[in-house]
């Protein structure tokens, strides 16, 4: 089961279905702890899943950084690929916040559009493909066409700070980070933290399903600790990758 957050609602869904493995994009435990207790709702989710033999894996920044990960998905939206254009036809993509090397990707993306667009065109693309009725937009003092779009899923303030771009496209930024960006002549488009992440899961599910099936059918040595009988059991399983129906943005517009 794929989810952005391992909430109590997602926990209930996992326990009510034949779920063996949960991939939660955000780590349920984000800060160091000395113990796991039932007094914390998120820790309770981990303990209850463990008690039922359900594993939890959190890819987070690895999924941000990887090529064809969340940030590349957002880059395609900015370019307009999702509107029926062939990949790469509308612009080029480079990495921001490089990891160990360019082959390993980076925490953000910089899109260079082949042709400049007006800010309202970019905003329409973003809202349509993230299924949002509204986004927050910071406008610089002087309007200008958009050619360079800096992108970071989730909270992008630290990754985007100082990047030479016409627009910062992210989920959220701190108040003073927005002020600084707008004062430097940049547009800022904020969509809500998990709104820049959740829509990627339906894209990931079939790819992950194919990869798992290929590994199982090829007989790859996924875990050297498994016996041959256990590997055969895995190969005979009817594994399905599903996206949680209970996972949703924690905030609502009123």
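Heads up, residue numbers simply count up from 1 along the chain you see.
Placed from the backbone N, Cα and C atoms, the Cβ positions cover glycine too.
Since this is a predicted model, take the numbers as computed values, not measurements.
Database features (TrEMBL):
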BINDING   26, 193, 197  divalent metal cation 1 binding site
BINDING   64  divalent metal cation 2 binding site
Can you count the other CB atoms that lie within 10 A of the CB of residue 26 (divalent metal cation 1 binding site)?
18
In whole Å, note down how far the CA of residue 64 (divalent metal cation 2 binding site) lies from the CA of residue 197 (divalent metal cation 1 binding site).
9
Other C-beta atoms within 10 angstroms of the C-beta of residue 197 (divalent metal cation 1 binding site) total 26
C-alpha of the residue listed as 'divalent metal cation 2 binding site' to C-alpha of residue 26 (divalent metal cation 1 binding site): distance in Å?
11
What's the most sparsely packed of the binding-site residues 64, 193, counting other C-beta atoms within 10 A?
193
Taking the mean position of the Cβ atoms of 26, 193, 197 as the divalent metal cation 1 site, which residues outside that list, in the same chain, have a Cβ no more than 8 Å away, listed in sequence order?
4, 5, 25, 153, 154, 171, 194, 196, 198
